[in-house]
Amino acid sequence: MDFGKIILDIFVKNGLVMSFLFIGLVTYLAYLISDKLTNKRIHGSAIAIVFGLMLAYWGGIQTAGHKGLADIKLFTGVGLMGGGMLRDFAIVSTAFGARLEEIKKCGTAGAMSLLLGVILSYIVGVVLAFAFGYTDTVSLTTIGAGSVTFIVGPVTGAALNASSPVIAISIAAGVVKSIVVMIITPIMAKSIGLNNPQSAMVYGGLMGTTSGTAAGLAAVDPKLVPYGAMTATFYTGLGCLLCPSVLFLATKAIFG
Amino acid sequence: MAIYGVAILSLCMFIGIFLGDVLGTFLGVAANVGGVGFAMLLLIVLTDYLMGKDILSKLAESGISFWSAMYIPIVVAMAAQQDVLAAITGGPLAIIAGIVTVLVGFLFVPLISKIGNKTTYKDHAI
């Protein structure tokens, strides 16, 4: 009898349940390290997320796929657990207990941060693309859009008929952005006053990447997650709206 | 029963995503505009109303809090399936663009937060 195969088959067949066990172990290890090695200075959830990213990198090397660890047969359940459906479900649930008064207080600042967040990211992307030798408006716009989020990039690129490598760069820029947000947020939180619902909403509006802001805020203070996620969820939509239209035309007016 | 809370959560998510899709189509963009945000607002309003009327039982609440507590583990699973390899091998432009946009964003958080915070300070009459 091949016990290894029997056990492996059980894990593969029950992928989602397997992912609960696996993520549970990863989280336990992360909190243990946070507790013993950093004296809780680095939050356990931040370490767990970095572990997740490292596992994703490892999975990418093993399979040459695009879904990180989830491309490995044993860990396909991780793809379901961390996929769009349960992610959105869990994000919505965090709103339970959030206070409507806090959200109302931030109306103008939240809206402003959204608009500014999209436009700033776009400008940074375009300027850097230009510095790297891209001169045609379509490529500049697509890479600028990718700096908004990794969804806005390909949506804009497809609308403008950008080339495939340029679209790939735009996606990569967006992915890097969301990962950087996850890692840097807990480190920067104190110095930018990220400790109340208002600043969390502004932060969500400026960063925009829902996965990045939600994970970053979770590592700072889970109570702030719903406020940041609330504005961030409008960001991608706003980016898809502005990039292929107004921002494309503005870029065209400047670069010809 | 716990399932009532989970069902309310599901209902809010569907209505929110529906509104986001409708808004996206209306605006002519191929994306869901603010669907999760609408769902969150709806959940806040609905649970607030139900708790005010004392209809939402503790067990039903636990159905929602469970998913809220599962949020961080789900984020860890989400992180584990990002295309980190592509992000790192995407070349220096992608990496620099990703980092600089975030840093620029951080610079503006305290500036814009001040707009919201003014009212907060007044409210607490410091």
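Placement of Cβ uses the backbone N, Cα and C atoms for every residue, glycine included.
Note that TrEMBL annotation is computational and uncurated.
According to TrEMBL, the feature domain 'Malonate/sodium symporter MadM subunit N-terminal' maps to A:9-255. The transmembrane segment annotation in TrEMBL covers A:6-30, A:42-60, A:72-97, A:109-132, A:138-160, A:167-188, A:232-255.
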Contact call for the transmembrane segment (A:42-60) against the transmembrane segment (A:109-132), three or more Cβ pairs under 8 Å: no
Recorded stretch, among A:72-97, A:109-132, A:167-188, A:232-255, maximising Cβ pairs under 8 Å relative to the transmembrane segment (A:138-160): A:167-188
Positions whose Cβ lies under 8 angstroms from the transmembrane segment (A:167-188), at least six residues beyond its ends: 42-43, 46, 49-50, 53, 121, 125, 142-143, 145-154, 156-158, 194, 203, 207, 209, 211-213, 215-217, 219-220
Distant-in-sequence neighbours of the transmembrane segment (A:109-132), which means Cβ under 8 A and at least six residues beyond its ends: 103, 139-141, 143-148, 170, 173, 177, 198, 201-208, 230-231, 234-235, 238-239, 242-243, 247, 251, 255
Integer mean pLDDT for the domain 'Malonate/sodium symporter MadM subunit N-terminal' (A:9-255): 86
